[in-house]
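Single-structure report; data block below.
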There are 2 protein chains.
Amino acid sequence: MKLTILGCYSATPRTFSNPTSQVLDIKNHMFLIDCGEGTQVQLRRQKIKFARIKHIFISHLHGDHFFGLPGLISTFRLLGREAELHIYGPKGIKEAITLMLKLGDSWTNYPLIFHELISRESELIFEDDKVEVHTIPLKHRIYANGFLFKEKPGERKLNIEAVTRYGIDKCFFQNIKNGKDVMLDSGEIVPNKKLTFDPSHPKSYAFCSDTSFNTALVPVINNSDILYHESTFLDQHEHLAEKTGHSTAKQAGKIAKLANVKTLILGHYSTRYENMESFKQEAEQEFNNVLLADDGKEFEF
Amino acid sequence: MKLTILGCYSATPRTFSNPTSQVLDIKNHMFLIDCGEGTQVQLRRQKIKFARIKHIFISHLHGDHFFGLPGLISTFRLLGREAELHIYGPKGIKEAITLMLKLGDSWTNYPLIFHELISRESELIFEDDKVEVHTIPLKHRIYANGFLFKEKPGERKLNIEAVTRYGIDKCFFQNIKNGKDVMLDSGEIVPNKKLTFDPSHPKSYAFCSDTSFNTALVPVINNSDILYHESTFLDQHEHLAEKTGHSTAKQAGKIAKLANVKTLILGHYSTRYENMESFKQEAEQEFNNVLLADDGKEFEF
């Protein structure tokens, strides 16, 4: 699983800082999460192939999380895209994008499919044989969701030494990886656990931005491997966090601890601060494995 | 008069090329012309004070000319703007911007005033004591206008030597600059032209993008000092220009010649071409004073 941060600053795009957008490379999917202004340029900078993006998840309809979307959709069209594009986001997103494109008489020539969200409860919004995506209801000034990306448990791993020892034919291998026992010619049944190892741990990534400090999201993201939690403010501005529906780094650390995640990544910094290290230090007062997002940074898990 | 090119490439924003946007500094106005995605970042790069922008002119509603507008309007709000912002553009622009902001529950706290355009004839859309702005109807795939920015003739210039020689008191100077004659104590009337020089030539700037080759715009922009005319294609792709409602560099040169302008600036280049010099060379086959726009370039007139 690889996470690429395209932008992780709050509010407005600037010369050297971009609003929220990231790409999660998970089980051959390239999921785009949020799409602030300039996202398509950031995708080019990171050399991410546009054609690999088939699903875009939009947390909420503040400009710094979706004003890059009409341009990206238009660029896909100019590049001759034919593949479906799925967009998951709050109700209203379809009307807005449709209007922006309609005014230019430039509807897409590829299928553009909107999945509008209205639920206040966590729900499954995407699933295939390898991955699930669930919403994480957030508490912000407007309707907002985070997203929980979960790998499904993979196949069991073949114990080559054991299957060789038992003289088992290759044609049984897929069944064994699927968890089946094997009956030998002798009639003896070899239980699956003698022939396989456990599959690798299925990983999960929880994206939570924008949100105020909200313990209600703990059960949804519990035991996730990686949590990206917004930290717009430092502790000295906790009152601003409360007023604007955002969190401090320390509060992000608290959520990480309560949810028992393995790694916390901080982002959505207010540009009022010069030194991002303070975010790490304050979150570390609550939780000990803290990383700092930055534009262009990649995290491999 | 100073023209700053923020972006002059067609279609999509890229790492080193921006869609259409420019700033015209004329008689203390900072007029923003078009607003492709990333315009606010380009404004920062050029160190143009956001507060000085009070009028934005949008030629047409293709994404590469207005997808930066919702973000710029939002940023003005975040920066605490209080001054009015006037936006001139095709009908529909108000609904689109209003919807984008409404979805984020983030209406501006400064007056945002839309002037929607529907006329197919050139019309006066802004005027004060020093400047006029007229539309230039263009021929494109959708409704589009260029804009003609004209300085009004200034005051006549005082001939200091002459007024001293006649012993004229300072209290008459403003009347003289306004074109009045002066009666001396002797009863002699000194005609204004003996006391003044002509005012400096009032300059004009015509912005024409996007448009196919269209001689109907010649009478509107006739004798302009500077013409910015789109040249999306080179001559070898004239068929594409015709098909997509754009012009070639040579066609831009023809319009410049027919309209008897002083200087032609080319822009809106397709990113398919590596070398912009070819645009200049092809336009120069028709017109001899050709300049090339480029992102970040400034022209003083």
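Cβ atoms are placed via backbone N, Cα and C, with glycine included.
Features reported for this protein in TrEMBL:
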- B:H60, B:H62, B:H140, B:D210: Zn(2+) 1 binding site (BINDING)
- B:D64, B:H65, B:D210, B:H268: Zn(2+) 2 binding site (BINDING)
- B:D64: active site, proton acceptor (ACT_SITE)
B:H268 (Zn(2+) 2 binding site) and B:D210 (Zn(2+) 1 binding site), Cα-Cα, nearest whole angstrom:
8
Quick test of understanding: given the binding-site residues B:H62, B:H65, B:H140, B:D210, B:H268, name the ones whose C-beta is under 8 angstroms from chain A.
B:H62
For B:H268 (Zn(2+) 2 binding site), write down the residues of its own chain that are at least 6 apart in sequence and whose Cβ falls under 8 Å from its Cβ; none is a fine answer.
B:C8, B:Y9, B:S10, B:T20, B:S209, B:D210, B:E230, B:S231, B:T232, B:H246
Least surrounded among the binding-site residues, given as B:H60, B:H65, B:H140, when other CB atoms within 10 Å are counted:
B:H140
Inter-residue C-alpha distance, B:H65 (Zn(2+) 2 binding site) and B:H140 (Zn(2+) 1 binding site) (nearest angstrom):
13
For B:H62 (Zn(2+) 1 binding site), what residues in its own chain, 6 or more apart in sequence, show a Cβ-Cβ distance under 8 Å?
B:R141, B:I142, B:D210
Number of Cβ atoms other than its own within 10 Å, given for B:D64 (Zn(2+) 2 binding site):
28
What is the separation, in Å, between the Cα atoms of B:D64 (Zn(2+) 2 binding site) and B:H140 (Zn(2+) 1 binding site)?
14
Looking only at Cβ atoms, how many others are within 10 Å of the one on B:D210 (Zn(2+) 1 binding site)?
26
